[in-house]
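Participant: Below: one structure in structure tokens.
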Amino acid sequence: MWGRLWPLLLSILTATAVPGPSLRRPSRELDATPRMTIPYEELSGTRHFKGQAQNYSTLLLEEASARLLVGARGALFSLSANDIGDGAHKEIHWEASPEMQSKCHQKGKNNQTECFNHVRFLQRLNSTHLYACGTHAFQPLCAAIDAEAFTLPTSFEEGKEKCPYDPARGFTGLIIDGGLYTATRYEFRSIPDIRRSRHPHSLRTEETPMHWLNDAEFVFSVLVRESKASAVGDDDKVYYFFTERATEEGSGSFTQSRSSHRVARVARVCKGDLGGKKILQKKWTSFLKARLICHIPLYETLRGVCSLDAETSSRTHFYAAFTLSTQWKTLEASAICRYDLAEIQAVFAGPYMEYQDGSRRWGRYEGGVPEPRPGSCITDSLRSQGYNSSQDLPSLVLDFVKLHPLMARPVVPTRGRPLLLKRNIRYTHLTGTPVTTPAGPTYDLLFLGTADGWIHKAVVLGSGMHIIEETQVFRESQSVENLVISLLQHSLYVGAPSGVIQLPLSSCSRYRSCYDCILARDPYCGWDPGTHACAAATTIANRTALIQDIERGNRGCESSRDTGPPPPLKTRSVLRGDDVLLPCDQPSNLARALWLLNGSMGLSDGQGGYRVGVDGLLVTDAQPEHSGNYGCYAEENGLRTLLASYSLTVRPATPAPAPKAPATPGAQLAPDVRLLYVLAIAALGGLCLILASSLLYVACLREGRRGRRRKYSLGRASRAGGSAVQLQTVSGQCPGEEDEGDDEGAGGLEGSCLQIIPGEGAPAPPPPPPPPPPAELTNGLVALPSRLRRMNGNSYVLLRQSNNGVPAGPCSFAEELSRILEKRKHTQLVEQLDESSV
């Protein structure tokens, strides 16, 4: 649902959120599309550094020594600013001890991410030493590091007043004239504060009877030299940018607000502040804060801030990146706003807010303001009145400062509106630099880091921004944590969880023609007519000869012949009725594809079988009128560039053969089909013949085997004996009695085969068991057992023998049985038993 409502919601809020006619600008005009997309595989001129540590989020560039100092988790690195990946780097291992990690884990902290020494602060302390602070497993420590030897000292300083305990908390810090100015959440209780340490007069914000800071997350701080060329002898000031809970937008007391709405703020303190003498002792006497508005009510969370021209206060301005408020958790969008220092100064010189006890709400203070003005720095005018420092200020002024830290007016962006609203993007950090072009004008060039590892390079043009390119700087998606620009090295350094990458500030060689070079509108790039190439302005001796058009991006190449070689003519031939694709890739995301037929007829999507897509032109159901010369043009910013040229020929389709007369039913089968049928029938006949022969052969073999075996018969019992089924064993002839046996076999079936005769009549009781056989037969063999043993897998059952048909003589039964048993020893097992097993 949100995916469908989001464009409409953004458009409505963009046009109506902030009053004023200048803010009724459609969101589609503010949502700039990057002109070029450079994936990770197409990066050129980059350098990488990755050590054994993680979270390379703290960067310090020292241009004079050409060193890039990096603070990571458990380590510090000193890299060559010229090439961070040259391998000639120095490293300091600064890990938290196992005992400290164990204590951190026992306090309920995560031993996978939090219980380490995350280096959060790294600045130049003096000409010989650096100053670094780390979380040290929720026991912060700081150290002065020898810059030349790049080694840790033997002793450390406690860092609980200088560094956050939690590595995930916002932090910003500066070293100014030896004093350490930091803003973060201090101590284990995570108390937000702005503090000054390593100074004869340590200061912090007020906590009672009201908090000057409410659940603040700090983003950025900067020193502005307002004392330079000041006609009133003003003091230098430190500006802090952060997001906090807004107490003025809901009912609440001094100590607790009932509102959870978070807003962006800007605060300032004077560098020469010494605190109060009796009131606000060791507290800031110059602290003031104001709301920072970019685009309400959506964009309230401050993500990144950069300052330009901070050395000259009259030209100092800031760029800030905002994301959606915390209640919009399912949407991603960012806004970029610009703020002038003069506007911030005007707000701090305006009316104050006051907590009104009667209504228990914050409102505009309407009473009188004491003198000297509360929150102001000591100037020449105040010195002439005897106020040489903040400790000389009257108690009335200090009491007013204590209760009125918030200004009534908000700080609005330049021209009252954002420069950019970007959907589906979350900016995490930004930096910028002013670039003076060969023609004279100066443009602000910004580099915006995203939460998924991309860098947007943009130039500020009046009330908007033009995104020159978007570059994927990491193969894996990860957040950009820090950005630093080196003008001497012409490089951008990117800090991220996995490492540091060095990018060139410009990639002018990507643009191959004059039009492509000026359409990019990169302040660093211009077309050189002498070398017929797009070159960086910093590398050209005669910079005035370069062709540039940053404002409009379409002028300067009219008289130049460096429009690039025309594309070769490609031929395509297709049959009538077929489809054909004419490829054409647009190099710019801002270009519109334009197709012309025979140089004049423009083709649109859906017209006469044409389909215009991002990858080319599709001609469907080609007809003879589709033949001709096709040109693919890129139309961008009023310029037209030929990208591809085709000559298409549509050939007539081959006529189909005339259908034959229908064949008769008897002749409808093709000759080859008949032949297959005949062969199949012949094969089946042959198989049947082979099968019949095999069966006949097997039958003959079995008949022969039966003739050689002894014959068994199943005789019918005497009718007088009853109708029960009886089995009789008829012994075969003994050797020497073949003739007699044959005669008997010819005379009746009872003596030659085994018969099963079903019983008839009523069932009769079983006959009495036969008398036991004698101990020894007449042939000298002992009586057979009542059950024969299993031999060679065949079972033999001794059947009751009748007195009839028992052959006399010593060899009638015993010899026959011995011969059968001897034969069975050498008989192969069969799967199915036959009558020979009985």
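Glycine is treated like the rest: Cβ placed from N, Cα and C.
As annotated in Swiss-Prot:
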- 1-17: signal peptide (SIGNAL)
- 18-675: topological domain 'Extracellular' (TOPO_DOM)
- ASN55: N-linked glycosylation site (CARBOHYD)
- ASN111: N-linked glycosylation site (CARBOHYD)
- ASN126: N-linked glycosylation site (CARBOHYD)
- ASN388: N-linked glycosylation site (CARBOHYD)
- 507-558: domain 'PSI' (DOMAIN)
- ASN542: N-linked glycosylation site (CARBOHYD)
- 567-649: domain 'Ig-like C2-type' (DOMAIN)
- ASN598: N-linked glycosylation site (CARBOHYD)
- 676-696: transmembrane segment (TRANSMEM)
- 723-777: region 'Disordered' (REGION)
- 763-775: compositional bias 'Pro residues' (COMPBIAS)
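Help me understand the surroundings of these features in the structure.
Facilitator: The average per-residue pLDDT of the prediction over the topological domain 'Extracellular' (18-675) is 90, rounded to a whole number.
When secondary structure is read from DSSP and collapsed to three states, ASN55 (N-linked glycosylation site) falls in the strand class. Around the Cβ of ASN55 (N-linked glycosylation site), the same chain contributes ALA72, ARG73, HIS118, PRO167, GLU481, PRO497, each under 8 angstroms and 6 or more positions distant in sequence.
On its own chain, ASN111 (N-linked glycosylation site) has GLN101, CYS104, HIS105 as residues at least 6 apart in sequence with a Cβ closer than 8 Å to its own Cβ.
Under DSSP, ASN126 (N-linked glycosylation site) is assigned to coil, being neither helix nor strand in the three-state scheme.
Taking a C-beta cut-off of under 8 Å and a sequence gap of six or more, ASN388 (N-linked glycosylation site) has these contacts in its own chain: ILE378. The secondary structure of ASN388 (N-linked glycosylation site), as reduced to three states from DSSP, is coil rather than helix or strand.
Secondary structure at ASN542 (N-linked glycosylation site), taken from DSSP and collapsed to helix, strand or coil, is coil. For ASN542 (N-linked glycosylation site), the Cβ neighbour count at a 10 Å cut-off comes to 9, with all displayed protein chains included.
A coil conformation is recorded for ASN598 (N-linked glycosylation site) in the three-state DSSP classification, outside any helix or strand. Taking the Cβ of ASN598 (N-linked glycosylation site) as reference, residues of its chain lying under 8 Å away and at least six apart in sequence are, in sequence order, GLY628, ASN629.
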Participant: Could you count the residues of the domain 'PSI' (507-558) that DSSP puts in helix, in strand and in coil?
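Facilitator: The composition, in the requested order, is 16 helix, 9 strand, 27 coil.
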Participant: Among all the protein chains here, how many other CB atoms are within 10 A of the CB of ASN126 (N-linked glycosylation site)?
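Facilitator: There are 11 of them.
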Participant: Just the number: how many Å between the Cα atoms of ASN126 (N-linked glycosylation site) and ASN542 (N-linked glycosylation site)?
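Facilitator: ASN542 (N-linked glycosylation site) has its Cα 40 Å from the Cα of ASN126 (N-linked glycosylation site).
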